[in-house]
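Features reported for this protein in Swiss-Prot:
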- 342: active site (ACT_SITE)
- 356-380: disulfide bond (DISULFID)
- 359-364: disulfide bond (DISULFID)
- 412-441: disulfide bond (DISULFID)
- 423-436: disulfide bond (DISULFID)
- 467-487: disulfide bond (DISULFID)
- 474-506: disulfide bond (DISULFID)
- 499-511: disulfide bond (DISULFID)
- 518-568: disulfide bond (DISULFID)
- 533-576: disulfide bond (DISULFID)
- 546-556: disulfide bond (DISULFID)
- 563-602: disulfide bond (DISULFID)
- 596-607: disulfide bond (DISULFID)
- 205-401: domain 'Peptidase M12B' (DOMAIN)
- 409-495: domain 'Disintegrin' (DOMAIN)
- 187: N-linked glycosylation site (CARBOHYD)
- 1-20: signal peptide (SIGNAL)
């Protein structure tokens, strides 16, 4: 375990306030000037443990005044900002791909909070002065260096003091016609989760994130790759603070700059660009660089006021776990809000309705329009995201980085258990563990564990203690070994066994049925449509088809009609309802493994015998 150097920075706040100034983030009409001065302090006890020499401290504090009141901004380096196998790529003039593994672990990007404030957060870069934002008493403040001869001068200002580059509200390309009804949102508030579901929701989840920068953005920043990389790092650092509220950690696994030419046809039609980017990720990127989710940053002006688009509920999908983002603002907080919004769609979250107002005076992340940066998901978004996780259980987000994969020096207090640590419950201020010593990241006397499904009262649970209940007919319970705090790997019943009173057959631990799929897509009080609705799948047009091939809808054979588009009905309605997303032809299709007849299941959009696939 390596203890971090604690440094206090005193900011001398001068009574000068500027009336208007042009900063990197745009025109600011009211600001304060401050002068940081660094004062090093030893850790508690007056002893500093030896640690590898780094350019940037692991932990820093900044003291300054806001509205005449002193505050202390506590910051800790964002330890997991980059994955262990992070790479960068650009292209030579002759088109050759040049991939490097730069040393990025000694970086200058921090997360933090105002001390003694429960509802506070911060995202700051300290690469060249202090640049970023922090939340204090419900207000968002920004700090950035003033480009004056006095290099220590910084400006502090409120979000409301930044003049808008364009007053027109920015929107997401996921249109209202593609939304689900309000009913699932209202009923979501009535959900009561089982203990097993609650445990799953509380487990830390990870997204290995890849960013591609198009040629227009490369030229916009005057072909300056270091400036582009710094902007992307700042964006991902902010994105991390936002997604942390959903218990996600974003690890940047790769960045590539299309410095020679674009790898796809980036066009003003945002839907076409998203589709092309998804295909490029599937065919070109994934074979050479694994990732859970990828976003394209572009300087093209999408049609209308659209600044981004993503497929709904598509995380971990090979083709659809993507988004396209217009780099439309100088302000990283604005663009990062859009990145979080589109990633929210990938995480199964739709746009907020008018009733979703739990973000104070600011708009929530999933608001339909944006004129100001946002940093919070509404309670509606959180519930919808939880429904998505419990329904789809995307597997890629559970890949926790191994301790040995973390190559930077261990930092006690960052919630990551690293080499030399037995536990990590956060800083002494935040730690709520009775088993872990927050100052040393070692287990307390006689404690065997600190956390985990098989850890109880600081001891390993007994052999045979149930740590994960069976989720349904197709799952099996897991039990503790008595030698570890972790629950054994999830196992399930073999594929093809009958489930849910013979309504379906087990498939990879789930019991896919038409009824359950209708409820998942449209909420409660829905049923499967009558059989005649499924004959529409023989037409090969509208919402009746089995697959897409070269942009054309391929009809189902008569025996396969219940393996194509899913048709549902509300209550006693006779209407044949189907759900379509223009950018995702697989949305609303009958799932693989669904029963389509006695002893028959859907496989590759065909109704086949159980014995041929299981």
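Cβ coordinates are placed from backbone N, Cα and C, and glycine is handled just like the others.
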Comparing local Cβ density (other Cβ atoms within 10 Å) for the disulfide-bonded residues 436, 467, 576 points to 436
Using CB atoms and a 10 A radius, I'd like the single residue among the disulfide-bonded residues 487, 506 with the highest neighbour count. 506
Closest of 364, 474, 556, 596 to residue 441 (disulfide bond), Cα positions, disulfide-bonded residues only: 364
Near residue 499 (disulfide bond), which disulfide-bonded residues out of 359, 412, 436, 474, 506, 576 have their CA within 10 Å? 474, 506
Rounded Cα distance in angstrom between residue 423 (disulfide bond) and residue 487 (disulfide bond) is 17
Hey, of the disulfide-bonded residues listed (441, 499), which one tops the CB count within 10 A? 441
Reduce the DSSP letter at residue 533 (disulfide bond) to three states and note it down. helix
Residue from 364, 474, 518, 556 whose C-alpha is spatially nearest that of residue 607 (disulfide bond), among the disulfide-bonded residues: 556
DSSP-derived class (H/G/I helix, E/B strand, else coil) of residue 467 (disulfide bond): strand
Rounded to a whole number, how many Å is the Cα of residue 359 (disulfide bond) away from the Cα of residue 380 (disulfide bond)? 11
Taking the Cα atoms as reference points, how far is residue 533 (disulfide bond) from residue 568 (disulfide bond) in Å? 9
Rounded to the nearest angstrom, how far is the Cα of residue 568 (disulfide bond) from the Cα of residue 436 (disulfide bond)? 51
Summarise the domain 'Disintegrin' (409-495) by DSSP state, stating how many residues are helix, strand and coil. 0 helix, 15 strand, 72 coil
List the Cα distance (Å, whole number) between residue 467 (disulfide bond) and residue 518 (disulfide bond). 31
Can you tell me the CA-to-CA distance separating residue 576 (disulfide bond) and residue 568 (disulfide bond), as a whole number of Å? 6
